[in-house]
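According to TrEMBL:
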ACT_SITE  Glu93  active site, proton acceptor
ACT_SITE  Cys334  active site, S-methylcysteine intermediate
BINDING   Cys113, Cys117, Cys120  [4Fe-4S] cluster binding site
BINDING   Gly160, Glu161, Ser192, Ser215, Leu216, His217, Asn291  S-adenosyl-L-methionine binding site
DOMAIN    99-329  domain 'Radical SAM core'
Amino acid sequence: MEKTDIKSLDYDELKDFFVSIGEKPFRAKQVYQWIHEKQADGFEEMTNLSKNLREKLAETCEYTCLENVQTLVSELDGTRKYLFRLSDGYVVESVLMRYQHGNSVCISTQVGCRMGCRFCASTIGGKTRDLTAGEMLDQIYRIQKDIGERVSNLVMMGTGEPLDNYDNAVKFIRMLSDEHGLNISQRNITLSTCGIVPRMRQLADEGFQITLALSLHAPNQEKRKALLPIAGKYEIHEAVDACRYYYEKTGRRITFEYSLVGGQNDSKEDAKQLYELIHGINCHVNLIPVNPVKERSYVQSERKVIVEFKNKLENCGINVTIRREMGRDIGGACGQLRKSYMDKEKKE
Ligand SMILES: C[S@@+](CC[C@H](N)C(=O)[O-])C[C@H]1O[C@@H](n2cnc3c(N)ncnc32)[C@H](O)[C@@H]1O
Ligand code: SF4
């Protein structure tokens, strides 16, 4: 019989599970707390359960616990990059960023990614599989245990396209913000997408208060399509309209991510077109100097060009920030730590 992935069961599912194995539903509250609030490493730690029940659970359930295989710590700002191994041997990376307002974690949602964005290291090699809700949660639980502090902010910006793993991503958000679990405020959760339009609209209807970030990266369809193949399926205007819809339904300000690629999307004309595309939307533009990936030939825009781009947008009344590079000394673009680990494993 297939084992139940207990860390991926939400509170109601856990109640149903206990009933299905002939136990009282109130056990769900105890066990949910052990898994998601106290973050136990296994059933043996759940001391208010009988030995019999613990054994029964160990026999019928799989208990997701990621193995920390590597941690890089920045001497500049305390950023930590983690490489975790999943039970089937694949590895994913997560990042902890320490800000004045609290600890923020960036998690992966898939092993690899099939979206093929041109400057992204996570997609080289395609997608291997989706992560379960339990595997997404455990990235945060492992990091909390490692630093002995609470994580208060969460961004779904690591490897993978969360809306290509919709059901698990939505379940993860529900469980992460559940009062019986870590209880992270939905306002402190950001989901970033390359623009799977029907799923963006579906997300708007979930009744969440999370922030939606669209990886826009270009001011028009032609340039966007050259950088993000998904734009061949869902046009730039459709993606921006889905953001408008998201705002209407949730009242949450939209974030547009815009990676500046030298000579490709960073001209004054690009800034003007970007303004024309998004003006009137309650939004914030996050400019990201593109992180060079060794397998790709893209280069960062010059600092002067980045500042000019920012000023141009700001002068038109758009809210803009330039993303601060965290952990510069443990560098590398998102997905590269995992990639170099895999390359090394292949060689050995
Ligand atoms: C890795 S993706 C994960 C979330 C989601 N799949 C998406 O594309 O929004 C998070 C953000 O990093 C950006 N990104 C990927 N590779 C980058 C690079 N080399 N330099 C700068 N930003 C990059 C993506 O475009 C996206 O805005
Ligand atoms: S940027 Fe996001 S969607 Fe695009 S390949 Fe990377 S992880 Fe996938």
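From the backbone N, Cα and C atoms, a Cβ is placed for every residue, glycine too.
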Just to verify a number: CA distance, Cys117 ([4Fe-4S] cluster binding site) to Glu93 (active site, proton acceptor), in angstrom, no decimals.
18
Listed recorded positions with Cβ under 6 Å from ligand 2, out of Glu93, Cys113, Ser192, His217:
Cys113
Cα-Cα separation of Gly160 (S-adenosyl-L-methionine binding site) and Cys113 ([4Fe-4S] cluster binding site), in Å?
5
Around the C-beta of Cys113 ([4Fe-4S] cluster binding site), how many further C-beta atoms are within 10 angstroms, looking at every protein chain?
26
Measure from the Cβ of Gly160 (S-adenosyl-L-methionine binding site) and count the other Cβ atoms within 10 Å, all protein chains considered.
29
Where ligand 1 binds, which of the recorded positions Glu93, Cys120, Glu161, Ser192, Leu216, Asn291 are close by, with Cβ under 6 Å?
Cys120, Glu161, Ser192, Asn291
If you measure from the Cα of Glu161 (S-adenosyl-L-methionine binding site), which of the recorded positions Glu93, Cys113, Cys120 is the nearest?
Cys113
Compared by Cα position, which of the recorded positions Glu93, Cys113, Cys120 is the closest one to Leu216 (S-adenosyl-L-methionine binding site)?
Cys120
Give me the CA-CA distance between Ser215 (S-adenosyl-L-methionine binding site) and Cys120 ([4Fe-4S] cluster binding site), in Å, as a whole number.
12
Say you check the Cα of His217 (S-adenosyl-L-methionine binding site) against those of the recorded positions Glu93, Cys113, Cys120; which is nearest?
Cys120
Looking at the recorded positions Glu93, Ser192, Asn291, which ones sit with their CA no more than 10 Å from the CA of Cys120 ([4Fe-4S] cluster binding site)?
Asn291
Per DSSP, three-state class assigned to Gly160 (S-adenosyl-L-methionine binding site):
coil
How would DSSP class Leu216 (S-adenosyl-L-methionine binding site) in three states?
coil
Over the domain 'Radical SAM core' (99-329), what does the predicted model average in pLDDT?
95
Return only the integer: C-alpha distance in Å from Cys113 ([4Fe-4S] cluster binding site) to the residue listed as 'active site, proton acceptor'.
13
